[in-house]
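K.L.:
Can you read through this structure? Questions will come right after.
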Amino acid sequence: MTKVLIAGAAGAMGQKAVQLVNSMDDMQLTAVLAPHLADNQRTANHLADNVAIYHALDDVQEGVANIWLDFTVPSAVYDNVKFALQHNFMPVVGTTGLTDDQEKELIEFSENKHLGGLIAPNFGMSAVLLMKFAKKAAQYFPDVEIIEMHHADKKDAPSGTALSTAKLIDQVRPSHQTSPDETETLANVRGGDYHGIKIHSVRLPGYIAHEQVLFGGAGEALTIRQDSFDRQSFMSGVKVALQKVATLDHMVVGLEQIL
Ligand SMILES: NC(=O)C1=CN([C@@H]2O[C@H](COP(=O)(O)OP(=O)(O)OC[C@H]3O[C@@H](n4cnc5c(N)ncnc54)[C@H](OP(=O)(O)O)[C@@H]3O)[C@@H](O)[C@H]2O)C=CC1
Ligand SMILES: O=C(O)C1=N[C@H](C(=O)O)C[C@H](O)C1
């Protein structure tokens, strides 16, 4: 039986993850890290009496779980994953917001410790495929912009998925002419800029997680779009990650690495 700790267990994704782990025969939820979760909220949060509730990182006991599943906040994820590796948990990280330098450092640390782990900006199959297709299309359509749309509670912008998509496109797109002398008469109206790729972040109630990659060519255009209508859609990817992380000997980035 593999033991799992969920960090951010009371959040929107954490609650889904608790129910997923509870439903798996080969996994046991042994602990959660949830800063504001009270003991009398166990039942509402589907936590059995024997699940340890930690309110602070430094209270977490080494050995309480094999896997550290993280759905917290961008400001906490680096410290959480570093702590997890230092204390021999295999991290499965859904939380977005790690910088490139932080990600690199954590991967190197995992390599030195020979500890498997996964950082997945998106556990949804539609998003994984969107990123794959966008990378392919960018070889032929270098002019591209990204629009990501999320629920109004999302704390980070751009989304981790949009940033990952831009990085993948940037790896392959041919050099090309950008429009010169562009003037913004309203600040930031052209969106954020990742190596010349514009990213536009929309935050609205009613949305969950959606992304469009728009390619423009001479007299034609290609739009690739994915929609996550329900957070349950991320759980099949989380399940595979929990089942496969022990087969890795260092941290990898992207769900596609283990599919
Ligand atoms: N990879 C993927 O497929 C997906 C990734 N995400 C990402 O997952 C993350 C969480 O999203 P979501 O569940 O919607 O966010 P929520 O805001 O609903 O949940 C975040 C949770 O983290 C808790 N938290 C805050 N600080 C800490 C800390 N230092 N240690 C432990 N827990 C902490 C919060 O507790 P409290 O409120 O009590 O402070 C809260 O319960 C985001 O980064 C999001 O982008 C989301 C969907 C899919
Ligand atoms: O916060 C969310 O909701 C999501 N976050 C991830 C991201 O930032 O890409 C994945 C998905 O878009 C949902």
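In case you wondered, yes, glycine gets a Cβ from its N, Cα and C as well.
Pulled these features from TrEMBL for this protein:
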type	residues	note
DOMAIN	3-123	domain 'Dihydrodipicolinate reductase N-terminal'
BINDING	G8, A9, A10, G11, A12, M13, D59, G94, T95, T96, A120, P121, N122, F123	NAD(+) binding site
DOMAIN	127-259	domain 'Dihydrodipicolinate reductase C-terminal'
ACT_SITE	H150	active site, proton donor/acceptor
BINDING	H151, G160, T161	(S)-2,3,4,5-tetrahydrodipicolinate binding site
ACT_SITE	K154	active site, proton donor
K.L.:
From the binding-site residues listed here (G8, A10, A12, D59, T95), select those whose CB sits under 6 A from an atom of ligand 2.
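P.N.:
Result: none.
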K.L.:
Give, as a single whole number between 0 and 100, the mean pLDDT over the domain 'Dihydrodipicolinate reductase N-terminal' (3-123).
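P.N.:
The predicted confidence over the domain 'Dihydrodipicolinate reductase N-terminal' (3-123), as a mean pLDDT, is 97.
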K.L.:
T161 ((S)-2,3,4,5-tetrahydrodipicolinate binding site): which of the recorded positions A12, T95, K154 have a C-alpha within 10 angstroms of it?
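P.N.:
If one measures from the Cα of T161 ((S)-2,3,4,5-tetrahydrodipicolinate binding site), no recorded positions come within 10 Å, so the answer is none.
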K.L.:
Could you round the CA separation between N122 (NAD(+) binding site) and G160 ((S)-2,3,4,5-tetrahydrodipicolinate binding site) to a whole angstrom and send it over?
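P.N.:
Between the alpha carbons of N122 (NAD(+) binding site) and G160 ((S)-2,3,4,5-tetrahydrodipicolinate binding site) there are 8 Å.
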K.L.:
Take the domain 'Dihydrodipicolinate reductase N-terminal' (3-123) and count its residues per DSSP category (helix H/G/I, strand E/B, coil), listing them in that order.
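P.N.:
Counts, helix then strand then coil: 45 helix, 26 strand, 50 coil.
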K.L.:
Out of A10, A12, A120, which of the binding-site residues is least crowded by other Cβ atoms within 10 Å?
P.N.:
A12
K.L.:
Would you list, in sequence order, the residues of this chain other than H151, G160, T161 that have their CB within 8 A of the centroid of the site's CB atoms, where the site is the one recorded for (S)-2,3,4,5-tetrahydrodipicolinate?
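P.N.:
Surrounding the site, in chain order, are T96, P121, N122, E148, H150, K154, D156, S159, A162, A209, E211.
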K.L.:
Near ligand 1, which of the recorded positions A10, A12, H150 have CB less than 6 Å from any of its atoms?
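P.N.:
Among A10, A12, H150, near ligand 1: A10, A12.
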K.L.:
With A120 (NAD(+) binding site) as the reference Cα, tell me which of the recorded positions H150, H151, K154, G160 is the closest one.
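P.N.:
For A120 (NAD(+) binding site), the spatially nearest of the recorded positions is G160.
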K.L.:
Just jot down the residues in the same chain as K154 (active site, proton donor), at least 6 apart in sequence, with C-beta under 8 A of its C-beta; none if empty.
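P.N.:
Correct list: R203.
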K.L.:
Could you state the CA-to-CA distance between T95 (NAD(+) binding site) and G160 ((S)-2,3,4,5-tetrahydrodipicolinate binding site) to the nearest Å?
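P.N.:
On Cα coordinates alone, these residues lie 8 Å apart.
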K.L.:
If one measures from the C-alpha of D59 (NAD(+) binding site) to the C-alpha of the residue listed as 'active site, proton donor/acceptor', what distance in angstrom results, rounded to a whole number?
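P.N.:
Each residue's Cα considered, D59 (NAD(+) binding site) and the residue listed as 'active site, proton donor/acceptor' end up 33 Å apart.
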K.L.:
Could you give me the DSSP helix, strand and coil counts for the domain 'Dihydrodipicolinate reductase C-terminal' (127-259)?
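P.N.:
Taking each residue of the domain 'Dihydrodipicolinate reductase C-terminal' (127-259) in turn, the totals are 46 helix, 39 strand, 48 coil.
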